[in-house]
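Q: Could you have a look at this structure, given as structure tokens, before my questions?
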Amino acid sequence: MADFSGHWAFSFGVLGNIASFFVFLSPLPTFYNIYKKKSTEGYQSIQYVVALLSAMLWIYYAFIKTNTPLLITINSFGCFVEIIYVSFYLFYAPKGARVQTVKLLLSSVVGGFGAIFLVTQFLFIGVVRLQVVGWICLVFSLCVFAAPLNVVRQVIKTKSVEYIPFLLSIFLTLSAVMWFFYGLLLKDFNIAIPNVLGFIFGVLQIVLYMMYNKKEEVFVKEQKITELKNHVIILHNDKNFPELSEEQIIEIVKLGSLISCTQKFDLALCMHENIAEDHKRWRQALEI
């Protein structure tokens, strides 16, 4: 039975590595937008700094536990990617955000991880050390999963999905499911428990994206219809003139565009004929 659960744990661990790989890569569209705008306006660095610290702590935990190589592989990749993200953010961030990010790095990654490492190495031994580090990892994993709550608040406030990381929400939900079963099969609740919250937050972000993305599409359509109506004269006072539908208004505008193009073509042709006639008369006058 132990071998059976071990094989299943390994399978879920591999799937968790794959899903987490895409979780770490999911902010790429965000940083592509930052690169295009040459600015980090509207984006924050705290989630990347917290994710970096969390990955470092899970590597430390995996080395103490000794039998979880799948935690080492994915979190090593996570550290590498998060360092790139933070460096990229610092490069394009304004001075205030850059200073704040550097302070956050020094206080959490350098100071925080350094303090945890020294305290657990010198004050705890054996199983107690593993338990202490495990609980610390659990708390920071909850912080990582809770970090997008700021984005959720912004989406609800602005009713816009511009800053919601949709790809991150998808892969975060899948990753949470895989790592939950991985921790459950290994009977390691430090791994399993945080992923319950991760699954809830992932589903919440997906639901919000679907809700507000649909509202944005409706708003854009209504705005376009309003703009079209401003270019169309509707005779409301004429009882015999039927009320036009949105589709009819669009067709009228298209037809008007075609008529305008035709009128421009006729005008150009008429001018060309007039110039040719004047040229002919000028030549006749010279011959005389």
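Each residue, glycine too, has its Cβ placed from N, Cα and C.
Keep in mind that this is a model prediction, so the values were computed, not measured.
Per TrEMBL, the features are:
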- 6-25: transmembrane segment (TRANSMEM)
- 46-64: transmembrane segment (TRANSMEM)
- 70-92: transmembrane segment (TRANSMEM)
- 104-126: transmembrane segment (TRANSMEM)
- 132-152: transmembrane segment (TRANSMEM)
- 164-185: transmembrane segment (TRANSMEM)
- 191-212: transmembrane segment (TRANSMEM)
Q: Please indicate, using numbers and ranges, the residues of the same chain that are 6 or more beyond the transmembrane segment (6-25) and have a C-beta under 8 Å from a C-beta there.
A: 70-71, 73-74, 77-78, 81-82, 167-168, 171-172, 174-175, 178-179, 181-182, 185-186
Q: Take a look at 46-64, 70-92, 132-152, 164-185, 191-212 and tell me which one has the most Cβ pairs under 8 Å to the transmembrane segment (104-126).
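A: Against the transmembrane segment (104-126), the leading stretch is 46-64.
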Q: Sort out the residues at least 6 away from either end of the transmembrane segment (46-64), same chain, that have Cβ-Cβ distances under 8 Å to it, and list them.
A: 27, 71-72, 75-76, 78-79, 82-83, 85-86, 89, 101, 104-105, 108-109, 112-113, 116-117, 129-130, 133-134, 136-137, 140-141, 143-144, 147-148, 150, 190
Q: Is the transmembrane segment (70-92) packed against any residues at least 6 beyond its ends, judged by a Cβ distance under 8 Å, and which are they?
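A: That would be 10, 13-14, 16-17, 20-21, 24-25, 27, 31, 34-35, 38-40, 43, 45, 48-49, 51-52, 55-56, 58-59, 61-63, 98, 101-102, 105, 182, 191.
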Q: Given a Cβ distance threshold of under 8 angstroms, which distant residues of the chain, six or more beyond its ends, lie next to the transmembrane segment (132-152)?
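A: Answer is 44, 46-47, 50-51, 53-54, 57-58, 60-61, 64, 116, 120, 124, 163-165, 168-169, 172, 176, 188, 190, 193-195, 197-198, 201, 204-205, 208.
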